């Protein structure tokens, strides 16, 4: 019976994706598909994200040198991609050895390089290092780092190559030298390698009764402050958690505003509504990953008069918190700690994500209308379960099948973790 229910929901999902008129979100321009990003080259000595390489917000801590005789040597896999040139100065094949995550990102980057510059290939000058040529605790010793150039060694391309590496999903990219770009990834077992899109449990939302509640305490029947399709504040039904994890420590981005000083804390792959500094028109706002927001952009803050106001982002930094929660409302938006955010993550297209959850909204509307008391009690029992909701897992897997990998945030979703 459960299988039939899932088939029905998948059918409804497919139907919802072609009914574009069902999309809603703050602002009239909100439903427009985002144009392809313009690649902004990295500057010399710039690194992304703007934190130290071996912090949890980047590639994470050093876990120990791997040698050919160590138990962990089996973690390394050779990369024989014909579209990548390996310098291999040592003639040992060591530069081809890397972790699976590093291999996946490198192969993705190789495709981007050929698309960007026809006839040019990606070139790896350093991969796994077994000879001790790097500084102490270098991620090269674990097969988690590569130094790269283009095959034509055209230094004018290296800034753009750095940006392509960021887009390919490397966890830390550094325009380190005039001679190469340094890229690294998280360890395979890192709990931060897949962070999904969540808020810390202590984040506050506003309720229709005038009170506030921590995100972790939301229950069916709650109406929380959100925004409608015209960018007006409304109280929207809380429907479900797409992810509910009380235990895992994760890295969160903190987006802090200037005058008034407010801050919202969310994971890298979560969507936040932003405006460029040149406009205050709410209809021009778009949804961007938290990790892509920059100081000088604007976010939407609820002012003292109860209206949305665009406020400049002053600084961005990272914090670690235990517990993460991803609430979904009927409008697909939510005001958290006085700042407007999307309920969605992983894919940088709020309208598409909102369409994908149309079957969930339909189920909520019908069930709550026909069986209000039973629906709330049954939903309460379901919501207390830890982990990623099965429907979110389904959407994520469908997204990886149907969408270009560059559309999905590299920190995506850990569908097997809580």
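Cβ from N, Cα, C; glycine included.
In the three-state DSSP reading, residue 129 (Ca(2+) 2 binding site) counts as coil. For 90, 126, 129, 131, the entry in Swiss-Prot reads Ca(2+) 2 binding site, with the evidence type similarity to another entry.
Residues or ranges marked as N-linked glycosylation site in Swiss-Prot: 277 (among others). Note: residue 277 (N-linked glycosylation site) has non-local neighbours 296, 297, 298, 312, i.e. same-chain residues 6+ apart with C-beta under 8 A of its own C-beta.
Summarising the annotation, Swiss-Prot assigns N-linked glycosylation site to 380 (among others) and lists sequence analysis as the type of evidence.
Here Swiss-Prot flags 24 as N-palmitoyl cysteine.
Among the features that Swiss-Prot reports, cholesterol glycine ester is placed at 197.
Confidence over the motif 'Cardin-Weintraub' (32-38), given as mean pLDDT on the 0 to 100 scale, stands at 53. For 32-38, the entry in Swiss-Prot reads motif 'Cardin-Weintraub'.
Per Swiss-Prot, the feature signal peptide maps to 1-23; the stated evidence is sequence analysis.
In the three-state DSSP reading, residue 243 (site 'Involved in cholesterol transfer') counts as strand. The site 'Involved in cholesterol transfer' annotation in Swiss-Prot covers 243.
Of the chain residues outside the Ca(2+) 2 site list 90, 126, 129, 131, 89, 94, 95, 127, 128, 130, 133, 134, 140 have their Cβ within 8 Å of the site's Cβ mean position. Look at residue 197 (cholesterol glycine ester): DSSP puts it in coil. Between the candidate recorded positions, 90, 126, 129, 131, 243, the densest Cβ environment within 10 Å is the one around 243. A simple way to gauge crowding: the CB of residue 197 (cholesterol glycine ester) has 29 other CB atoms within 10 angstroms, across all the protein chains here.
Ranking the binding-site residues 90, 126, 131 by Cα distance from residue 243 (site 'Involved in cholesterol transfer') puts 126 first.
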